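See below for the structure under consideration.
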Amino acid sequence: MNRLQVELPGLSLKNPIIPASGCFGFGREYAQFYDLSVLGSIMIKATTEQPRYGNPTPRVAETPGGMLNAIGLQNPGLEKVMNSELPWLEQFDLPIIANVAGSQAEDYVAVAKEISKAPNVHALELNISCPNVKTGGIAFGTNPEIAADLTKRVKEVSEVPVYVKLSPNVANIVEIAKAIENAGADGLTMINTLLGMRLDLKTAKPILANRTGGLSGPAIKPVAIRMVHEVSQAVNIPIIGMGGIETAEDVIEFFYAGASAVAVGTANFIDPFVCPTIIEELPALLDELGFDHISECQGRSWKQTCHSR
């Protein structure tokens, strides 16, 4: 029995550990360190219809407990991803989750329609929550009606299940999650980065050229846990949880909150082996906590009927 196997819409995962989009590129750099086939899946870098060069530099700043980034969805564009990056990933035994972005709804629809045809793309992740772009991005993720409409339009053209990435920079994340579920989403991924800023002590100006950036890393984990806990009780579609995950213990905490799988982001920059390390350590942690299978942990913080052996 594979104690870590997880079944989600469109995704049969040998384990629930997925490198998060934007922190793993298309996997080429990390493939120099280990066989990517050990992973549950990969959320590839956001893809837009046309190439994007991203925001001006500097666009990364360290903070206590994390980092700020304002990359601006830099990517080689749909054609390059379809003709080069996705074919390269076919050598690995794992389903790919393609992250889809755009400036307007038509962009999302165009990318989703084409990229969902790739043989190794088993699901889409709609990036409606990036805080670092002037148009699109978070603009789609802060209004329930707009988020639902975009979800519905993408579902109509996608050949694979659609997951929607939620922004924490909202007043009521549950309301948005329910609207997206009602529009036909197959799952949710959450949370994206929190909007933040750092100032230079000598100039008193923002360190990032974009002024603001997305905060990620351990600092945001309590926020992510709280939001997963709230949303998982309000919807009936699976959640891939993310936000500050660094250890096997972090993974279990997200499962307790209600996640069915997790994505590891910023920690990949600190330790390129973090994902395989977590995968290796999870079975012993399940033994320690008294669980036969990781699915027994899902929603344990609020499911009264969930008990360890």
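Cβ atoms here come from the backbone N, Cα and C positions, even for glycine.
What you see is a predicted model, and the numbers here were worked out from it, not measured in a lab.
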The substrate site in Swiss-Prot includes LYS45, ASN69, ALA70, ILE71, GLY72, LEU73, ASN192, THR193. Which of ASN127, ASN143 is also listed there? ASN127
Looking at Swiss-Prot, SER21, LYS45, ALA46, ASN127, LYS165, ILE191, GLY217, GLY243, GLY244, GLY265, THR266 are annotated for FMN. Which of ASN83, ASN99 sits in that same site? ASN99
Based on Cβ atoms within 10 Å, give me the single least packed residue among the binding-site residues GLY243, GLY265. GLY265
Taking the residues LYS45, ASN69, ALA70, ILE71, GLY72, LEU73, ASN127, ASN192, THR193 listed for substrate, what is the greatest CA to CA distance in Å, to the nearest whole number? 16
